[in-house]
Amino acid sequence: MAGILAWFWNERFWLPHNVTWADLQSTEEAAFPQAEDLYLAFPLAFCIFMIRLLFERFIAKPCALGLKVQANGPQKAQPNAILEKVFTAITKHPDEKRLEGLSKQLDWDVRSIQRWFRQRRNQEKPSTLRKFCESMWRFTFYLYIFTYGVRFLKKTPWLWNTRQCWSGYPYQPLMPDLHYYYIVELSFYWSLMFSQFIDVKRKDFGIMFTHHIVTVTLITFSYVTNLTRVGTLILCLHDAADIVLEAAKMANYCKCQKLSDLLFLTFAVVFIVSRLGIYPLWILNTTLFELYEALGNFPALWVFNVLLMVLQILHCFWSYLIIKAAYKAISKGKVAKDARSDVESSSDEEETVPRSKAPHSTLATNGTSGANGTNGYLTGATSSEEH
């Protein structure tokens with residue numbers, strides 16, 4: 001194991017020429033980032049997750065109920081043992097052949113069975129209340145950490161001149177505020193890595209999972225190699241749009257449509273300007289060109305830049321979805337539903353299950369859009385970006 005670790009952390013790969021790990025050992029005169037510092041992220045991630053549970057239950061939920069956020073989930077499907085067995089053991093999306101077989105077995109028409117499966121799928125969807133609580137937690141965290149990042153960075157020289165990110169590298173002492181900023185951000189993303197399996201499921205789950213892996217990898221390796229100055233710029237830049245996004249989602253869940261639309265369009269502008277403008281012109285410019293000029297070429301430089309380019313590809317994908325939604329908002333006068341919504345479609349919210357194929361049976365639907373118009377907005381990033 002020691003041999004594998006020594007091979008993996010080869011100085012000639014991770015560090016510029018003539019720099020060794022011994023150069024980055026902390027001394028009495030100056031502290032430098034140490035790999036073992038990152039172990040703090042795991043217990044802190046657990047603490048953040050527990051704080052989230054308490055926040056959602058004792059702060060977010062009362063706020064949601066006070067704002068009249070819908071507490072109930074989608075209407076439950078009519079109990080039926082045969083259909084339930086098919087749903088749980090075979091398929092949640094029966095094909096035409098299976099639908100016809102069930103129709104003969106139950107004496108229901110095919111449309112009735114399709115409606116039952118739609119309702120049963122939606123039965124597993126999260127309630128608007130749960131989505132509001134999740135968004136309020138993320139809004140609160142992003143607002144806090146972004147405010148902290150801005151207050152820290154405005155006192156640093158590399159905010160105004162990115163060449164200062166490489167001045168004196170690797171002998172850049174680790175400031176306590178920078179250490180705290182890095183560890184809290186890393187802990188939060190570790191908590192997201194684990195909680196995303198129980199959070200509201202989105203259609204871009206795989207993309208978000210990739211995003212979290214890239215983010216955790218960048219934070220970890222940039223800390224160990226003391227490339228933390230540019231790392232703080234990246235973290236702060238990515239948090240900016242997420243605040244507005246979560247605020248837009250909360251307004252949407254509260255059915256404040258005009259405020260929600262305004263916040264979403266604001267989010268679209270902030271996201272596109274920061275991710276397609278500032279990020280490539282400010283961040284990629286310094287990592288691709290200024291870093292090379294200051295430190296020369298070394299293998300890890302290209303690893304970092306490839307990961308940063310992966311983030312940019314994700315930015316482009318999410319920007320496409322945002323622009324598409326914003327276009328619909330302008331052309332139709334309202335913001336379109338989230339392309340990565342956790343609700344399948346408007347037809348998935350139909351309420352009544354017909355009882356049989358009897359000629360006089362009546363069919364009733366609520367005629368409302370998915371989740372009563374409470375779908376979340378695009379959360380790439382952003383999500384959610386996030387980063």
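Positions of Cβ are set from backbone N, Cα and C atoms, glycine also.
Taken verbatim from TrEMBL:
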{"type": "TRANSMEM", "residues": "38-55", "note": "transmembrane segment"}
{"type": "DNA_BIND", "residues": "85-128", "note": "DNA-binding region"}
{"type": "DOMAIN", "residues": "130-331", "note": "domain 'TLC'"}
{"type": "TRANSMEM", "residues": "179-198", "note": "transmembrane segment"}
{"type": "TRANSMEM", "residues": "205-224", "note": "transmembrane segment"}
{"type": "TRANSMEM", "residues": "262-282", "note": "transmembrane segment"}
{"type": "TRANSMEM", "residues": "302-323", "note": "transmembrane segment"}
{"type": "REGION", "residues": "339-387", "note": "region 'Disordered'"}
For the DNA-binding region (85-128), residues assigned helix / strand / coil by DSSP: 31 helix, 0 strand, 13 coil
Local confidence of the prediction over the DNA-binding region (85-128), expressed as mean pLDDT: 90
